[in-house]
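Pulled from TrEMBL, these are the features on record:
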DNA_BIND  B:35-54  DNA-binding region
DOMAIN    B:12-72  domain 'HTH tetR-type'
2 protein chains.
Amino acid sequence: MAKVVIMAGEEQDTEAKIKRAAEQVFLEYGYEGAKIRQIADAAGVNIALVNYYFRSKEQLFKSIYMENFRAFFGRIVMMLNEETPLEVKIWKIVDRYTDFILDNPLIPIFILAENRKGSDVFFKELHVREVIKSAYFTKQLQEEVSKGNIRPIKPLHLIMTIVGNIVFPILARPIVSYVGDFDSDGFRQFMEERKKIVPEMIMAYLRPV
Amino acid sequence: MAKVVIMAGEEQDTEAKIKRAAEQVFLEYGYEGAKIRQIADAAGVNIALVNYYFRSKEQLFKSIYMENFRAFFGRIVMMLNEETPLEVKIWKIVDRYTDFILDNPLIPIFILAENRKGSDVFFKELHVREVIKSAYFTKQLQEEVSKGNIRPIKPLHLIMTIVGNIVFPILARPIVSYVGDFDSDGFRQFMEERKKIVPEMIMAYLRPV
DNA sequence: GTCTATAGAGCGATAGAC
DNA sequence: GTCTATCGCTCTATAGAC
């Protein structure tokens, strides 16, 4: 029987400590830019120990990529499928997703940059397609259309519009901050403004003519 | 006097050949992922020759980054400042910028990923801020607002909305194609649909209530 | 201007002691 | 489980011949 001691807070087991350090380093520098030595230093351990727990850089990376992919896309899919009236839902998603991205601004570029290779597309393992196609959100949209409440739109267009409008300014943050002459608060304020603009724009489009 | 021979087409001088190869490799793999050996191979020359012309990997990279930054953001700023009525302009920009991004799909992730470091922000050299602030587009927006033709909006919000709606699906292309079950044509078709949706959505928002 | 050869540093990974 | 030491490889950059 393994003896597991839960400490008051500060302490963690070594594996978790390495993973947390790796996440921070990978998010900031990407796969190629991150070095195992740097991860080991950040975790306060040795290179050998990183490989002891995770066998290789690639395997360590993959586990962190999967977690963040799920946080990034899984979160929005989950919110889309809540059983809330459409307009309320759109306002709520934009609000909460903006907050999430502001709190985790490195996730989008991390996910999208590593995805460039497109190689294995191991997000298939996460069943994103099935979740979207069979989802409550898709049915909800169809119903609203057939009731004549909104004009027809493919779910994927709506999702791209919501996510793109929130995420793109974060991706381009250095440029946006420079052009708008924003400090950290100024940029946050800019994003707060978008919480109102984006849902209003979507609803203005959806309302039937 | 240097003797310059312009060939029928196929041939180029070595410097241009290296630069073209470097652009292709950097765009696909990013700064860290690209290797000088690979660039030299793609150009059909030797590593030593790459350094002979460009002194270092970083300097070669920077010249390519600047060119693509200008293509990516400069293009939209230029289009924004054409003296065309606002609504026509928005339709035209979305149409042409979508085509540009479809023809050069690697540019956005290349620019945004390398910008992550934010470090030197050497796009300052391109005077993006000044161009936007003193621009015809800004004045045009103000005029339309004071005429009561549109509701008030900051230029930067409008720009982010246009660019984000076009660029984000390209950045997320592997995921979009997987979820939507698109082949290459299917994805292009999806982007063609956005050429209509995005301007309509923006105009629906801008029209005064 | 273009090549070969190599210097010199940093990388990921592992063997082996404790 | 955790460390030190080191192997073998690949990287960028340059020296020097042609």
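For all residues, glycine too, the Cβ spot is worked out from N, Cα and C.
TrEMBL: automatically predicted annotations, no manual curation.
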Chain residues in Cβ proximity to the DNA-binding region (B:35-54) (below 8 Å; excluding those fewer than six residues from its ends, i.e. six or more beyond): 14-15, 17-18, 20-22, 24-26, 29, 60, 63
For the domain 'HTH tetR-type' (B:12-72), the mean pLDDT of the predicted model: 97
Tally of DSSP helical, extended and coil residues in the DNA-binding region (B:35-54): 16 helix, 0 strand, 4 coil
